[in-house]
Amino acid sequence: MSDSTPQSSARLLPGAPVAEAVLADVTARATKLRERGIVPSLATILVGDDDASAGYIRIKQRQAAELGFASPHRHLPADATQADLHREIDEFNTDKNVHGVLIQYPIPAHLDYDRALQTLDPDKDVDGMHPLNMGRLALGMPGPLPCTPAGIEALLAHHGIPVAGRELVILGRGATLGRPLAMLMAQKRPTANAAVTVVHTGVQDWPRYTQRADILVAAAGVPHIIQPEHVKPGAVVIGAGVRYEGRRLLPDVDESCAQVAGAITPRVGGVGPTTVAMLFRNAIQAAEQAS
Ligand SMILES: NC(=O)c1ccc[n+]([C@@H]2O[C@H](COP(=O)([O-])OP(=O)(O)OC[C@H]3O[C@@H](n4cnc5c(N)ncnc54)[C@H](OP(=O)(O)O)[C@@H]3O)[C@@H](O)[C@H]2O)c1
């Protein structure tokens, strides 16, 4: 390697072993339910013909089959109405054999995702994004947790990274990631209990905060916004924010941050696999609670 080639000393934090451990637990719990004659079931709803969304549904259905779940599916046409969507959700809401429901995001622009989500039975909300579940999270009440934040907590715990009492800074306060992650990581639990700071476009000198973070989570969706000078030497860097340009994934965290960080998620295969695992963890929990 030439002198000009950047060397990385950071330890990598892959999501796959975390997902494997979570899914092994889900499989064992699914087997126990099936022994009692209950087949755990995660239903999916897809609206329209977006290839990527159809692909995500196929991956989840394949995963469901491997874990011993039923996965009933409804596919609505791209010109479906809000009422059509609500009708499908309601059928799954009232079906006692369905324990979790996933409405694949995004849905066509003429439909209102938030309104649809509000018609979903909160106990079947495997994404953990229903307003009632956000409220449960804020209050520390049990309920399905938002998948990506829960996946990040699991990733840190699995890799033995201490969080309690340490400074955790999140770049981004979005509803799916930064905001619920802040609530989760500030909770009084051994794998959380952090001193949490959230920065965003309203904090123009945000590097001042990220530079002192023991654990930095990038959740902005702005490619390469996190550069080495924003990272405290030896810090743990979690890249959760991504933007897609076509099929190209553009991460928030520039790869050169690995030269400064003590540990860092890989460009691909970090937070993503843990998010999917958490979906099934929520689903098995819902199935156990319903039976
Ligand atoms: N890996 C996964 O499995 C996974 C799952 C879910 C989401 N994500 C990714 O996570 C990211 C965040 O998702 P989200 O839904 O929470 O997004 P969002 O609602 O768009 O929130 C983005 C946040 O980043 C902040 N931000 C944007 N540009 C900034 C800048 N230049 N300086 C400082 N702050 C800036 C915004 O600040 P303001 O609030 O001030 O506008 C906002 O709070 C997205 O890239 C998404 O694709 C990944």
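Positions of Cβ are set from backbone N, Cα and C atoms, glycine also.
Residues annotated as NADP(+) binding site in TrEMBL: Gly172, Arg173, Gly174, Val242. Residues or ranges marked as domain 'Tetrahydrofolate dehydrogenase/cyclohydrolase catalytic' by TrEMBL: 14-127. According to TrEMBL, the feature domain 'Tetrahydrofolate dehydrogenase/cyclohydrolase NAD(P)-binding' maps to 146-290.
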Within its own chain, what residues at least 6 apart in sequence put their Cβ under 8 Å from the Cβ of Gly172 (NADP(+) binding site), listed in sequence order?
Gly178, Val198, His200, Ala218, Ala219, Ala220, Gly221, Gly241
Per the record, NADP(+) is bound by Gly172, Arg173, Gly174, Val242: how many Å separate the farthest pair of Cα atoms?
14
Give the mean pLDDT for the domain 'Tetrahydrofolate dehydrogenase/cyclohydrolase catalytic' (14-127) on the 0 to 100 scale.
96
Count the residues of the domain 'Tetrahydrofolate dehydrogenase/cyclohydrolase catalytic' (14-127) that DSSP assigns to helix (H, G, I), to strand (E, B) and to coil, and report the three numbers in that order.
60 helix, 17 strand, 37 coil
DSSP on the domain 'Tetrahydrofolate dehydrogenase/cyclohydrolase NAD(P)-binding' (146-290): how many residues come out helix, how many strand, how many coil?
52 helix, 30 strand, 63 coil
